[in-house]
Structure formats: structure tokens, C-alpha cells
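Q: Not my notes, these are from TrEMBL:
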TRANSMEM  23-44  transmembrane segment
TRANSMEM  64-85  transmembrane segment
TRANSMEM  97-123  transmembrane segment
TRANSMEM  135-153  transmembrane segment
TRANSMEM  174-196  transmembrane segment
TRANSMEM  216-237  transmembrane segment
TRANSMEM  290-310  transmembrane segment
TRANSMEM  340-363  transmembrane segment
TRANSMEM  375-394  transmembrane segment
């Protein structure tokens, strides 16, 4: 310690100190690259799964309830996994066992989701009916496992990056930059895969009696997601080795970058603070400006999250005029809109990547990061409001044709599509 007096650190602070010796930049890149595999799967969820659940027969108004898993698992799973990974005494390290388990769970969940229609048909679903209850059950189970596993992966990955960065602030900044970069890479790959309509041709077996072209394309995307995630995770875990941690006072140095005295570590170990006690204790000490910041961020996500969930459905239904439960021509139009929405999300990720690199420059240009944060919140509000204008323009400019006695809408004009894609990007 810098002074001769013993510090009064909680067990929470002790457990979150980085190790004394930072790893190489190559190790940081290996671990950060797992973010690409995680975000590939998230991107597929955001772009394709809301339309997919409607193809299974889940009513549009109930689709959002399935997505409750994301916030709930993020709120509960990440703190619990983080708490136990801090105290993990496995010979493989504190973080690596959780990362490996999370990757395997993701692969399992993706298989369940992709084959939900086939499994539902195998268990007795009638393909002639609009709602397929057994497929829905399989899908919901797989979807909740997927969100839990994704949150189980993200926390230990970030913690491992902090661990291997050591006391080096430069490496910590580099680790965060690489993690954000690989998140953007995963988003671009995922949304690009979601916008491409012929991936199922690579895996002909994905098209089955119970699974149409759209469903087969989703399966194919998920196969790529599993391959990417497992490959990146295997590379990271085989090249980055953690030193096993022990709660013994003599090994307390593994927890922090400074020399922690034995009596401090022993006291922290004998009187651990419960998980939620740590969380509520931290909240109790927050100052008023931080509470205001958290409240605005909460409202921000209340607005932003529904757009992420329903943007591709909005493109297929409102902008393109299709219907997930309509005839084959209207369904095709809806699917085209969904793929256009996935393209919009890919543009969003590209803009995100470049903007992230220029945040410091933008902040200096507008007079500070707090002013920049306020500006972009207002910009987000304006863009979300503009979705109403794009919807009305699409309705007023919609043209129809008659095919075999059935009236179906034509795709929207180029100006409407450009306006919608611009909203995605901005």
C-alpha cells in the first residue's frame, strides 16, 4: 500500500483488482475477439427472431414478452455469475470455466431455436394451423437459455480483460477499444447474414417440410454463429491461461495489483459481503447527479430497446406493407422488408464503429462529453419520432397490383426506403 496504514477495502473492492502482471496485447485481442461471436448471435436475435416468432404463430402483441428474458437475465445472471467467478477456485482459472460453459450453452440454445419448427412438427404440431404450440415451447426454452448464456459469457469476458490488463491504464483502454471493435464486427457480420436471403443454399438440409426458406435461412445464420463463437472461444481459452486463485491469505495477491496485507485478505474472506448487499450498498452511496444520469439512461433504453426488437418487423409490415401471416406474395414482401431492416441494422453498426472511434473528438467539438451525451439523446428522440413520418409516407405512396385475382402491395419507393435506412444509421 502507499501508506503504512492498513486500508479499509471491502471484499468487493479486493475481488475486482487486476493481477500484478499484465498479459500481452495478443492475449487481450484473443479474449476481446469473443465479443464478435457474442454480438453475431445478438445481431441475429435483433434482426430475425421477432419475425420468426410470428411465423410460429405467436401473436404480435405477445412477442415482446419473450424478449423480457434479455433485461431479466442481464439484471440477475451477470451479477450472480460475476460474484461466483470472482470466487472461483478452479484449476483452469476464475473466468475461463464460465466462458467455456457459456459458449456451450449458446450453441445448445441456438440449435433449439433453429430447429424449433422441426421439433414441434416431430412432437405433433399441425402444419396447417397458424399457431404451432409445441414449436413455440421449444423456441421459448431455447431463447431463454440463449439470453442467459449470452449474459453468462459477457461478464466473465469483460472481467478477464480487466484481469489480464493488470495495472496498465493503457492496456485497459486498449482492451475496451478492442472489445468495442469486435462487438461492431460481430454486429456487422450478423446483420449482413440476416440481410442475405440465400444462405440456406449452403446448407440444403435446413429446408424441411416444417421449415420454409425464411426459417432455413435463420438456421443457416445460426450455424455460422455457432461456428464463429466456438472457434473464437477455443482460440482465446487455449492461448490465454489464468493462474488458479485460492482464497488463502497467502494468495491474496492474485486479487489485486498492489500488495494486500494478509490480515486484510483474511478479514475479507471471513466476513464476505453478500452479492445483493454489495449492489444495494453501492446504490445507497450514489450522489444525486448519478441518480439523474441513471434515470435518463433508463428512459433512453425504454425508448431504444423496442426499436431494436421491432425494427425489422416494422420494415416488413409498415414500410413494405407485407404480413407474416398473409398469402405467399404478401409473406415474401414481408420477408424482403425484414432483410432490408437487417441491412439497416448493419449500417447502424458501421456508423457505430466509426462514431465510437471519434467520440473524444466529437466531445471536444461540442464543448464536453456531457453536452455531447445530451445532444445525442435529443437526436435519438427525434429519430424515433421520425418512424411515424416514414410509416405515413410509406402508406400514402403504396401502390398495388393484382396477381391471380389477389391484390398485393408493391415494394415502397426508393425515397421511402432511403429514409428508413437513414433512420437506422443515424
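Just so it is clear, glycine is given a Cβ too, placed from its N, Cα and C backbone atoms.
Note that TrEMBL annotation is computational and uncurated.
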Q: Which residues, given as numbers and ranges, are at least 6 beyond the ends of the transmembrane segment (23-44) yet have a Cβ under 8 Å from it?
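A: Sequence-distant neighbours of the transmembrane segment (23-44): 99, 103, 106, 110, 146, 150, 153-154, 157, 160-161, 164-166, 171, 174-175, 178-187, 189-191, 193-194, 218, 221-222, 224-225, 228-233, 235-236, 239-240, 345, 349.
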Q: Is the transmembrane segment (375-394) packed against any residues at least 6 beyond its ends, judged by a Cβ distance under 8 Å, and which are they?
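A: Sequence-distant neighbours of the transmembrane segment (375-394): 296, 300, 303-304, 307, 314, 318-321, 366, 412, 415-416, 419-420, 423, 426.
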Q: Using a cut-off of under 8 Å between C-beta atoms, tell me which stretch among 97-123, 174-196, 340-363 contacts the transmembrane segment (216-237) the most.
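A: Between the stretches 97-123, 174-196, 340-363, 97-123 has the largest tally.
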Q: For the transmembrane segment (135-153) against the transmembrane segment (97-123), do we get 3 or more Cβ-Cβ pairs below 8 Å once near-sequence pairs (under 6 apart) are dropped?
A: yes
Q: Short question: most Cβ pairs under 8 Å with the transmembrane segment (340-363), which of 64-85, 97-123, 174-196, 290-310?
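A: It is 174-196 that shares the most Cβ pairs under 8 Å with the transmembrane segment (340-363).
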